[in-house]
């Protein structure tokens, strides 16, 4: 489908559910590495407490922006809504981020 | 030294990544019956096969129908709904007796699925207990954020200094942090991580909620399942999405020079 085609009212967009689920899972997988590197950055910068969690959300925004950029900001053939990338799976990678944050914080500042 | 302990722990996690592939195959009742090693006369199990096959097929067929009913014209939808739900003669209005033979087939399913689950959870527990006995008494990590005092008993299990800041945690908590934190990475490297079975156990299984009888261990209660399907049909609304199909085709090709209106 041409992404620039305007949708008329009578048209119904049908998507296959397996494709939708696959795309969502792919977005989640793509973010994992981003969060891990975000955790490393937070650890090396020595962020403490609340700053670290704020940096978690900053990392989330940066990862979502990168994914949107790679889609050229059109959701059309792949997703229904670009904002779903930003709002979905917010806390899924929290533990990975936490692990790498703690690990690098310890490696550099404590030991 | 604490650094080396941390590295060792990390290496232990790397090992765990490789052992996460205990996915058992999904088991069908009919497949189970046909995979027996003994030679069985077809006539013996013919009646069992018939009953189960039709019930399984009807359920899956009606589920598929409900998800895709938008592609059928409204008359066909009504026809199929009536076939399943008509009073007295509809398929889901049948009274079905619980087959006592079902209880015999289910233990096979149980051992197949739960074996994989138990193995991985026991592996996890074993790893945790191993690390906590080997590396007890070491201060392993300092958390970058302040914690409440009530977490002290959880996070500082082996440590003897009781006045230590809660930010300093024991190796046990670092172990747990590693397990949960590296699941994401495991999912990327292997197909799925080793915690899929644990998560399934905790959320009650993916298919258990659907079938309403619970997959492992209980005979399927078909009357309840059928009632549930009838209720699903009552709330089903379908809009024939191909109604304007011709109009869409014409709209698509309205700029082609060959079509003249």
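The backbone N, Cα and C atoms fix where each Cβ goes, glycine too.
Model, not experiment: these values are computed from the prediction.
These features come from TrEMBL:
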{"type": "TRANSMEM", "residues": "A:21-47", "note": "transmembrane segment"}
{"type": "TRANSMEM", "residues": "A:53-78", "note": "transmembrane segment"}
{"type": "TRANSMEM", "residues": "A:90-108", "note": "transmembrane segment"}
Sort out the residues at least 6 away from either end of the transmembrane segment (A:53-78), same chain, that have Cβ-Cβ distances under 8 Å to it, and list them.
1, 3-4, 23, 27, 30-31, 34-35, 38, 41-42, 45, 47, 85-86, 90, 94, 97
Long-range Cβ neighbours of the transmembrane segment (A:21-47) (under 8 Å; 6 or more residues past either end):
55-56, 58-60, 62-64, 66-67, 78-79, 84-85, 88-89, 92-93, 96-109
